[in-house]
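Here is the structure we will look at, set down as structure tokens.
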């Protein structure tokens, strides 16, 4: 047979001598491993968290271990954290880390100590009496039972002169003429005048006449006074056109026979018509610069030697607030419905806030870059420098606001009004945290210079004090919203309060023309002075806390030595 020429040739046409064996079939794939057991899902109700509201709730063992471990880590105790993590089996404890704040464990311990202290004070008090809290040392609280702590408190009550919650100081209405002449300085020269002023009945805490020095010469009332934070310099503003910086020694006896040095702060355009008088003033933190605000809307910057350095002409009406931030790089001025933040390097406006139809009633720095302002519209606005719109707005205070005041750390804001309530606000919520009540309208509030953010950081408590038309001074714990003390010693409305630099003493001034110095711990009156002819409206301590000045609406400034 002839081969077909058109057929293709394949490998099957040529037999192989040693054919290649076919490769073995691939092995079957191994069976997949069994799936891991599903991890147990922890219900959200079982996830351990650390609430910050119910501070008196039960703390579980796992929560406590979590707090201790977090504390070791935060403090850098690596070895202790490693050992504790293994012994307490921290890896098996489900912890919501987001709820553990910095310093959580010390905070809980601190709250526990305060709760035990409060419990002991309640046990030591009569059932029908108002609880007066006595402080206990932390070591005593830890090492004693509540019953033993109650005994300690009772012993403290016996050994303390101020046994009552309300400290009553009876002042006679009968006027007595002072047996000694008050020493005065006439600013404009001429013979020194002698004025007989009403006196108090002889009491051990009354300031002697030799410890009072009077500065006179202003033709109108003293509108503001402030000691330098760094020097023995006293700045005095008046409704007349001349302000002064006095240099006053701590020892008043050295200036009885010679007039103290004084710098006159006189504006070149002053007309002495009452319209260019000083309405407010403030030193910067270094005590090198003094800012004054005037009734005609002009702000002036002076050196501590009385030299006029800058004129800030951006307001059109009376400046009622002027204040430096702590760093000193911004100055805030406020009047009727406008706030200006000045850059103190260029003395140009950094930011301006207009309130339009709402009258501005109060301004307060929160920190170096933030401040709050309250208006007649029953609102409080918080601004950050450089941000035109408020970052927080508080609503709901009743009655026309009279002022606002931040605590030293900027965490609490106190507002007070013509109503009887002081409202405490925080950034964490829109409504007020506490309403602290007086019996009549509140005139003034002040925070103590103690605790973090102050010159006394080792003193753990920061108090709020308030003065009212009801003639009482009240001391508050704003963390819990508790009234700690109520001081009753004035015969009329209280208009000014000022803390001693160390926070241990409080000065109060009243329409009754009386100055009282209180021990903030027990309400005992340490000093009293009642030689001013008119009501006292301005108080300021010098940096050592030895002298306090009291300004009134009669053009006279009293410098009182209240050495303890």
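Using the three backbone atoms N, Cα and C, a Cβ is placed for every residue, glycine included.
TrEMBL does not curate its annotations; it predicts them automatically.
Quick look at what TrEMBL lists:
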- 1-44: region 'Disordered' (REGION)
- 18-41: compositional bias 'Pro residues' (COMPBIAS)
- 215-250: repeat 'WD' (REPEAT)
- 278-303: repeat 'WD' (REPEAT)
- 394-435: repeat 'WD' (REPEAT)
- 463-477: repeat 'WD' (REPEAT)
- 487-528: repeat 'WD' (REPEAT)
For the repeat 'WD' (278-303), name the stretch out of 215-250, 463-477, 487-528 with the most CB-CB pairs under 8 Å. 215-250
Using DSSP, what is the helix/strand/coil residue split across the repeat 'WD' (394-435)? 0 helix, 20 strand, 22 coil
Using DSSP, tally how many residues of the repeat 'WD' (463-477) sit in helix, strand and coil. 0 helix, 11 strand, 4 coil
DSSP helix/strand/coil residue counts for the repeat 'WD' (215-250): 0 helix, 20 strand, 16 coil
